[in-house]
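Take a look at the structure set out below.
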Amino acid sequence: MATASNLGYPRIGAHRELKRAVEGYWKGDLTKDELRDSAQALRESHWATQQELGLDVVPSNDFSYYDQVLDACAMVGAVPERFPWDGTEVDLDTYFAMARGLQEKDLEGEESGVQAMEMTKWFDTNYHYIVPEFSHDTTFSLSSTKVIDEYEEAKAQGVDTRPVVIGPVSFLLLGKTQADDLDALDLLDDLLPVYAEVLQELADAGCEAVQLDEPNLVLDLSDAERAALDQAYEALADAADIELHVATYFGGLEDNLPTALDLPIDVLHLDLTRGEEQLDEALDHGVPDDLALSLGVIDGRNVWRADLDALLGTVETAIDALGTDRVLVGPSCSLLHVPVDLDTEPGLSDEMKTWFAFATQKIEEIVALAERADGHEDATEALFEKSRRAHAARAESDWINDAAVQDRVAGIDASMTERDSPHSSRSPLQREALDLPTLPTTTIGSFPQTDDMRRMRAQYKKDEISKDEYEDFIEEQIADTIAAQEEIGLDVLVHGEPERGDMVEHFGRQLDGFLFTENGWVQSYGTRCVRPPIIAGDVSRPEPMTTRWLSYANDQTDTPVKGMLTGPVTMLQWSFVRDDQSRAETCRQIALAIRDEVLDLEDVGIQAIQIDEPAFREGLPLREHQWDDYLDWAVECFRLASSGVRDETQIHTHMCYSEFNDIIEAIADMDADVISVEASRSKMELLDSFDAFDYPNEIGPGVYDIHSPRVPSVEEMEELIRTALDALEPSQMWVNPDCGLKTRRWVEVQPSLENMVQAAENVRERATA
């Protein structure tokens, strides 16, 4: 019979129980034992839920207090030397220190602090993992038995699970080496014995199969990296009497498919949502007789109810070729990336609820597909019929389908993505209109969010205060922020965004086509959870979104005020996106809505408008040969949003990451008049790519690190400005912080900005002398 399996379940709990427990421990409100009890209760609940839903293969060790890659670091003893660890078991405090760093008070005065390990995006998802660190001195030993302990814990509960572990090759490739002459794969020989020991201990505990995640198989790999996979699994296949199930996800294997199919393993998992063609490719290549395929047919990264009839055809294709005993049915990836349970959503209409499937509902779909493939039509027909009705309803829904929006997208032409004149002609007009000096100063948008702001927004949402009371408060905050900036001496001001919480949610709630959940939480990193909006229908803007507050801000000053908007690509990337049309089409709809807002801001006298695109690079496909298509439509959408204005109106954008070399041409094609970037920590190194490319427009490299509470001195910011001027012309450069100031306090922000303005004035005097 076909096997219903799962690769991973959300660990946070349906109501973010894990977040509260871990943060309670960090604050000292919970003891270690109380934290462990809370975690065990969550695990037991998750295993019971999945077993009751009918899964044949339930995962364990998918739970984590913080991150699964950090768990693997603890398992193999990959603890950087700067952390106080005695080389035995990695305890809970060492584990959290690796993720969060140590402050002086944690170290009893022995040191001033220990920096946390780096965190970065998990492939092209919105989850973040802790980056392993490797050096010539790195050694490995079994230093955490969590994977074995949790297998035994589940077994005691009556659930025989399949433990999940990051595979050894991906573990090394996901890390960073601390020496230029060290290749992470040089450590494979030392790492494999620890993995072999884990497999043997699992086998001794009665475990029959282990899931080894090798997501790097969907990336562009070198011959040496493919050889490392062969070496690793040849060794692990002989390590213990246990089945090896290798999971790949987030894309197709493409040229790595032969390597994966030839590994000495028992099951290979294929993502058939982002690599739907690879089942046919695998069957055409030839699947070894002793290899079963796990079919990732249920989308583990989106929230839509599956088309079960269509997916059944895929499952039956595999069964016809391999037989039912060699086919597993599962999600495309771990269900970590979707909310826990649709039944916790009281705010969605009954009709809308039928459109979606969260983790619990996705497991129901997996089980139904496996059972239907085994001929159990009567038992599964209700869910299949629910799937049919949902897809038919979406196709016919007036809420989803807006002919006016579709017609407008169809009418987009090249002229809508071009400014009237090139930047070289626009720039002098803008400098005159805005009365800008050399090296103008500004900020990125947000100012400190106080407890009062958060409280007033919450009270207004709950109807505890009137609209007039709320708006009076917001006006007061804006006026204070404008006055503070004038006192500091900034050249272009912002209104401070006191009315905004999340930068995507704020706009999404004002756009038709977006839906929001109450409990649709997913883990971003550690205890940080987010509720991504759902782009469910055609997107349009029923009325202006920001002109009310920007007009008020503009009336408070004679200094230019910059409008702040979230860009279409970022709105797309940080949402669950509809699956019934291309992402490019949805992005164009958002871009048209933002375009309308840009033009309205211009009409009310805002002459500088910033369209933030922090997620622009995140949208890059994992395979380089797919980049051009994405960059073509992503750049088009930014230009569609920004190109309707007059030459005198200055368009800014902001990107907060430091790798531009491989997309610098696309950034130039966006044709923003000014791009501000995070640069202070890298000491302006990222400007090398702008300099080498001869970037034509204006740049604001950050000179104030807003991620730290310290106040940078005038002298150090002067030095950064002068360093930047080695790569940029004075007429090309702006002076600004790295990012928005929302998370900082006024006592830090005020003196930091005063020093920044003074530094700019000092360098300006010399540059213009």
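FYI, residue positions are counted from 1 along the chain as it appears here.
Even glycines carry a Cβ here, placed using N, Cα and C.
DSSP classifies HIS707 (active site, proton donor) as coil under the three-state reduction. For HIS707 (active site, proton donor), the same-chain residues lying six or more positions away in sequence with a CB closer than 8 A to its CB are ARG681, ASP738, CYS739. Taken from Swiss-Prot, the feature active site, proton donor covers HIS707, and the record attributes it to sequence analysis.
Residues within less than 8 Å, Cβ to Cβ, of GLU618 (5-methyltetrahydropteroyltri-L-glutamate binding site) and separated from it by at least 6 positions along the same chain comprise LYS121, ASP124, ASN126, GLN573. The feature 5-methyltetrahydropteroyltri-L-glutamate binding site is assigned by Swiss-Prot to ARG16, GLU17, LEU18, LYS19, LYS121, ARG528, CYS529, TRP574, GLU618, with sequence analysis given as support.
All chains included, 23 other C-beta atoms sit within 10 angstroms of the C-beta of GLU497 (L-methionine binding site). The feature L-methionine binding site is assigned by Swiss-Prot to ILE444, GLY445, SER446, GLU497, ASP612, with sequence analysis given as support.
Residues or ranges marked as L-homocysteine binding site in Swiss-Prot (evidence: sequence analysis): ILE444, GLY445, SER446, GLU497, ASP612. Cβ neighbours within 10 Å of ILE444 (L-methionine binding site), excluding its own Cβ and spanning all shown chains: 26.
According to DSSP, CYS656 (Zn(2+) binding site) sits in a coil region rather than a helix or strand. Shown in sequence order, PRO614, VAL677, GLU678, ASP738, CYS739 are the residues of the chain, 6+ apart in sequence, with a C-beta less than 8 angstroms from the C-beta of CYS656 (Zn(2+) binding site). The feature Zn(2+) binding site is assigned by Swiss-Prot to HIS654, CYS656, GLU678, CYS739.
Secondary structure of the compositional bias 'Polar residues' (439-449) per DSSP (helix as H, G, I; strand as E, B; remaining residues coil): 0 helix, 2 strand, 9 coil. Taken from Swiss-Prot, the feature compositional bias 'Polar residues' covers 439-449.
For the region 'Disordered' (415-450), DSSP puts the residue distribution at 15 helix, 2 strand, 19 coil. As annotated by Swiss-Prot, region 'Disordered' applies to 415-450.
Contacts of LEU18 (5-methyltetrahydropteroyltri-L-glutamate binding site) defined by a Cβ separation under 8 A and a same-chain sequence distance of 6+ are given as ARG11, ILE12, SER38, ALA39, LEU42, TYR65, THR527, in order along the sequence.
For the region 'Disordered' (415-450), same-chain residues at least 6 beyond its ends with a Cβ under 8 Å from one of its own Cβ atoms are 481, 484-485, 489-494, 496-498, 500, 560, 562, 564, 595, 607-608, 610, 612, 636, 639-640, 643-650, 654, 671, 673, 676, 696-698, 700, 721, 730-731, 733-746, 749, 753, 756-757, 760, 763-764, 767-768.
Rounded to a whole value, the Cα-Cα separation of SER446 (L-methionine binding site) and ARG16 (5-methyltetrahydropteroyltri-L-glutamate binding site) is 28 Å. Nearest in space to ILE444 (L-methionine binding site), taking C-alpha to C-alpha distance over the binding-site residues ARG16, CYS529, HIS654, is HIS654.
Between the CA atoms of CYS529 (5-methyltetrahydropteroyltri-L-glutamate binding site) and ASP612 (L-methionine binding site) there is a gap of 22 Å, rounded to the nearest whole number. Within 10 Å of the Cα of HIS654 (Zn(2+) binding site), the following binding-site residues from the list ARG16, GLU497, ASP612 place their own Cα: ASP612. The L-methionine site, placed at the center of the C-beta atoms of ILE444, GLY445, SER446, GLU497, ASP612, has further neighbours from the same chain whose C-beta lies within 8 angstroms: THR443, VAL494, MET503, MET564, GLN610, HIS654, GLY740, LEU741, LYS742. It is 30 Å from the Cα atom of ARG16 (5-methyltetrahydropteroyltri-L-glutamate binding site) to that of GLY445 (L-methionine binding site).
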